[in-house]
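Per Swiss-Prot, the feature ATP binding site maps to Lys532. Annotated motif ''HIGH' region' per Swiss-Prot: 46-56, in sequence order. According to Swiss-Prot, the feature motif ''KMSKS' region' maps to 529-533.
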Amino acid sequence: MTDNQIPKDYNHKNEVKWQKKWQEEDIYRFIGSGTKPRYIIDTPPPYPTGSIHMGHVLNWVYMDIIARFKRMRGFDVLFPQGWDCHGLPTEVKVEETHNIKKSDVSREEFRRLCVELTQENIRMMKEQMQRLGFSQDWNHEFVTMTPEYMRRTQLSFLRMYRDGLIYQGVHPVNWCPRCETAIAFAEVEYIENETNLNYVRFPVEGADEHITIATTRPELMAACVAVVVHPDDERFREFEDKLIEVPLFGQKVKLIKDPEVDPEFGTGAVMVCTFGDKTDVSWVNRHGLDVIDAIDERGYMTEAAGKYQGLTIAECKEKIVEDLENEGFLLKKEPVRQNVGTCWRCKTPIEILVKKQWFVAVKKLIPQVREAAEEMKWVPGHMKTRLLNWTGSMDWDWCISRQRIFATPIPVWYCSECGRVHVADEEMLPVDPTRDGPGITCECGSTEFIGEEDVLDTWMDSSISPLSVAGWPDESYRELFPADLRPQGHDIIRTWAFYTILRCMALTGEKPFSEIVINGMVFGEDGHKMSKSRGNVIAPEEVLEDYGADALRLWAAGSVPGSDVPFAWKDVKYGYKFLRKFWNAFRFISIHLTENPEVEARPMDRWILSRLMNLVAEVTESLDDYNFAAAVNRVQTFIWHDFCDEYIEAVKYRLYSDEDPESRMAAQNTLRMVLDTCLRLLAPVAPHFTEEVHQHVGEGSIHLRGWPEHIPEIVDPEIERSGDLAVEIIGEIRRFKSSSKMPLNAPLKAATIYTDNESAEMIKPFLDDIAGTMNIGDISLVAGKPEITERAVELEPRMEKIGPEFRSDAPAIISWLTGADPHEVYEEIQRNGEIEVEGNRLTMDHISFRKEVIGTAGERVDVLNLDEPEVIIEIVR
């Protein structure tokens with residue numbers, strides 16, 4: 001092969017060619033025959049927005065590296081791709097796109113429009129995934145809005161309902177007034193903001209006194225059902241058994257005691273409202289208090305708010321504070337920072353409303369979830385603590401019903417006569433109770449039913465992803481369950497990870513996966529979360545256009561699981577530069593890749609091969625431990641420095657020499673082995689580049705090749721130590737040539753290497769390589785130190801010193817120095833610290849000398865030094 005047959009530059013535009021070839025040949029398909037050990041990845045199903053972002057890239061690069069690595073290790077890998085379709089954002093987008101409200105059309109039509117939008121978004125995202133070279137098996141694609149997937153979701157509901165793990169009840173729930181739906185506690189995000197702590201006078205009945213309440217939510221005074229203080233707070237002892245009047249609204253409430261009150265906050269007296277927060281819920285339940293609904297589902301004040309009915313929460317708050325001040329009830333306002341629960345989708349502050357909803361009995365399953373989490377391997381390990389801490393904070397059951405349309409229907413009907421709940425038979429699934437009937441007669445004799453209009457939380461869909469991939473509930477599902485790996489972001493540990501473990505334990509009694517690898521978030525180059533408002537968003541397409549998928553993948557692989565990572569153009573550019581460096585090395589190597597018999601490897605060959613075997617062991621271990629950054633950095637360092645900068649340069653003279661054919665063949669064979677091994681080590685991270693190179697030197701796809709074998713017999717620590725020293729010597733001579741403005745291939749007349757006996761024995765086998773690499777005519781090795789002398793061969797008077805200091809004597813001094821022997825002048829100053837000239841004393845400050853080193857043979861030499869071990873190199877130009 002000649003390098004003319006290979007393009008001069010690596011062209012990342014060819015990536016698309018390989019992607020099409022991989023798809024056509026279906027090389028990533030899961031066989032499932034049982035002839036190979038299986039490896040199952042529980043792939044996260046993204047929400048189909050229509051475009052992927054850098055967070056997706058980071059997550060999928062992690063799992064794609066694992067999938068490719070495991071395939072090469074001999075596993076039959078099931079790497080599916082799913083789509084978590086249902087949810088409010090799609091409904092909002094459909095309303096915007098078609099300029100409608102969901103109430104303007106039938107539920108069926110609205111759902112059809114949502115499906116249509118989602119299908120198009122999936123198509124676009126699928127193309128983007130494929131453009132990044134991800135190796136999913138699209139034969140195992142799952143889509144949560146399809147009848148088959150909804151059947152599984154509904155079946156999981158029925159079985160958990162049958163086992164008493166799902167129930168319907170009237171309870172306080174987190175409610176988003178913007179989305180007009182209940183949300184789970186895990187979907188509440190807390191943000192810090194500034195508000196006012198209002199100090200309000202509450203009159204005491206039958207006394208000319210008052211209790212001062214500090215509250216950040218005066219708009220809930222209409223729903224005040226008690227005033228609570230700490231049992232040990234003596235300030236309120238006199239008000240025991242008295243009623244407290246709520247200003248503006250007039251209801252009289254009891255003063256109660258509870259140890260949860262913080263007597264140091266505000267005034268120590270707190271109003272209990274239904275409901276300001278979770279603590280209110282706890283107090284209402286503990287003390288048997290009434291419930292007043294002051295806020296409706298849309299965030300407006302109800303009839304209970306009296307004259308404030310119909311105002312928004314914010315409007316009501318402002319008006320009540322104004323009225324309290326006007327009527328003398330408001331004593332003061334203080335600014336305060338507080339954490340406010342918001343909806344994770346729209347960031348609207350949540351309310352707590354009492355609603356009839358469907359719940360998963362989370363608290364019954366917490367012990368099983370914790371046990372399963374302990375059995376799993378977490379990468380990084382400390383991420384397990386996040387899940388365990390979350391399970392320890394679970395006060396409420398999981399509210400799984402939503403007041404939306406585009407989601408999996410709850411398979412339930414209510415008898416029109418007696419209200420009895422009827423769940424679907426498993427054989428009927430999937431069903432839509434708003435459209436389908438139960439086909440039964442109620443125990444009361446009625447055949448009229450009302451279908452449940454609420455739908456399931458989308459986490460009810462995605463939390464059975466490992467079961468769906470395995471084919472549950474078919475008996476054969478246990479062949480593919482539990483999964484081996486769950487890759488996901490740390491931001492959804494308390495949702496997707498928690499719910500999946502909980503649901504799979506409830507449905508199967510088994511943990512859903514053996515290992516879980518957590519990726520971090522991707523920030524902008526400015527260190528902030530990527531957002532359009534900051535202008536720091538980088539779309540994957542921008543990188544693909546200029547640098548290709550592999551450069552982007554190298555950036556992602558350089559991060560550490562669990563840690564947030566800033567996107568950095570410099571890292572992408574470095575990855576691209578590395579690929580071009582490797583490509584150029586490959587072009588050179590390609591002209592020397594001839595078919596040779598096996599010949600004995602030379603010392604420099606043995607050095608690189610020993611280091612290569614260490615590389616194989618280290619990269620294999622790193623990938624087994626999901627330490628992607630260590631694996632990639634090690635491969636890049638080896639290829640760039642050990643292989644390209646050192647070994648290839650050190651064997652060029654052998655490749656072009658006809659004097660020793662076996663030496664040339666040994667170098668050629670070594671080049672082939674190192675190239676092939678490095679390509680396979682790099683293949684999981686840079687699949688396009690390695691495929692492109694492999695097509696010139698091998699057969700078939702590199703991704704169907706096996707992982708490089710670690711051959712212990714090739715590892716030789718002694719040859720590595722010796723080779724490292726030889727490489728250091730070559731590097732020192734190379735630096736000497738560079739600093740001397742000499743071409744690196746410029747010939748040197750001779751070189752003598754002086755060192756101790758042990759180091760001399762180490763260097764001896766590499767003398768030919770040192771001489772050949774640096775074009776040295778005669779090279780020798782001496783145990784000991786050289787006999788060298790330093791001689792001044794030129795001197796130059798420093799006029800800027802002599803003129804001002806010696807004035808009228810300066811011309812005579814210059815004249816004398818011009819005719820003097822430079823070395824005699826130099827020795828005189830060295831001996832006495834000065835020399836007398838025309839009655840004046842001159843030092844080294846007055847004269848510059850150019851010196852030469854004279855070697856053992858009496859010739860001028862250059863002397864180079866290495867410190868560890870001590871090596872002196874005497875160069876004759």
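Including glycine, each Cβ sits where the backbone N, Cα and C put it.
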Distal contacts, the motif ''HIGH' region' (46-56) - CB-CB under 8 A, six or more residues away: 83-85, 87, 89, 118, 120-122, 124-125, 128-129, 132, 489, 521-522, 530, 537-540, 567
The motif ''KMSKS' region' (529-533): DSSP-derived helix, strand, coil residue counts: 0 helix, 1 strand, 4 coil
Distant-in-sequence Cβ neighbours of Lys532 (ATP binding site), under 8 Å, six or more positions away: none
Rounded mean pLDDT for the residues that make up the motif ''KMSKS' region' (529-533): 79
